[in-house]
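Enquirer: Okay, here's the structure, questions in a sec.
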Amino acid sequence: MARRKIIAGNWKMNKTPSEAVALAVELKPLVANEDVDVVFCVPAIDIVLVAEAVKGSSIKVGAENMYFEESGAYTGEISPAMLVDAGVKYVILGHSERREYFGETNEDVNKKMLKAFEHNITPIMCCGETLEQREQGVTMDFIRQQVKVGFQNVTADQAKTAVIAYEPIWAIGTGKTATTAQAQEVCAGIRACIAEVYDEATADAIRIQYGGSVNAATAPELFAQPDIDGGLVGGASLKAEFGKIVNYK
Ligand code: PEP
């Protein structure tokens, strides 16, 4: 099956509302590519303005996190309905920074996954190992657990529409990209895990991104791998370079 590539920028905690509009306007013409799904995942406070700024293009806006309750006394949290009303189509869930600094567990990620599907928001579920885990040879065991718990009670039809981002923690923001072979090997392992949990058709449909210091030089080879369907890009998504990454061919 020919899967459509998806390249998402993760702006993290960068860009005030006015800076976010300026960046979205700058990137809008540079990321034009009808063959690729392009997503700007931006801070919650920037979502409405960025959604307005990218109108008239095929760029989609994503959130970087979301809570799993519908509404109520959860001070500081953002609900799925709020995101939908603001124009969000995608949400990053379980990013390693949220797991590390905010204590998110696989079970939390699973609750958020189920809520995202309920509201027709496409989750970009992150997984990935530490350097220590890689050196101990437990990379796939760890990631399989993240994927299996993250997808608990997600139906095959829902899973087919999901995006998984494989992001080795040691490659995020460090300038160290996993080798193409390392990235392809783990993405193939994740697809095999999905086939085991669901079936071949689901594994064939789900899109798996690589993330971790992707730049304009590394993107072409990474995205040409059979099991890598695009990228989740941090640092380089805040620059004109993101246009080159989207137009990697
Ligand atoms: C990320 O945080 O999702 C990421 C991949 O960051 P960077 O590209 O900066 O390594």
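Note that Cβ sites are derived from N, Cα and C of the backbone, with glycine treated the same way.
Unlike curated entries, TrEMBL annotations are predicted automatically.
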Enquirer: According to TrEMBL, Asn10, Trp11, Lys12, Gly173, Gly234, Gly235 bind substrate; so which of Ser18, Ser213 is the extra one listed there?
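Expert: Checking Ser18, Ser213 against TrEMBL: the substrate site match is Ser213.
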Enquirer: Using the Cβ centroid of Asn10, Trp11, Lys12, Gly173, Ser213, Gly234, Gly235 as the reference point for the substrate site, which residues of the same chain not in that list have Cβ within 8 Å?
Expert: Ile172, Val233, Ala236, Ser237, Leu238
Enquirer: Cβ under 6 Å from an atom of ligand 1: which of these binding-site residues qualify? The list is Trp11, Gly173, Gly235.
Expert: Gly173, Gly235
Enquirer: If we count other C-beta atoms within 10 Å, could you say which of the binding-site residues Asn10, Ser213 has the fewest?
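Expert: Among the binding-site residues Asn10, Ser213, the lowest count of other Cβ atoms within 10 Å belongs to Ser213.
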Enquirer: Widest Cα span across the substrate binders Asn10, Trp11, Lys12, Gly173, Ser213, Gly234, Gly235, in Å?
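Expert: About 14 Å separates the two most distant Cα atoms.
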Enquirer: Please list residues from the chain of His95 (active site, electrophile) whose Cβ is under 8 angstroms from its Cβ, counting only those at least six apart in sequence.
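Expert: In sequence order, the residues whose Cβ lies under 8 Å from that of His95 (active site, electrophile) (at least 6 apart) are Asn10, Glu64, Asn65, Cys126, Glu167.
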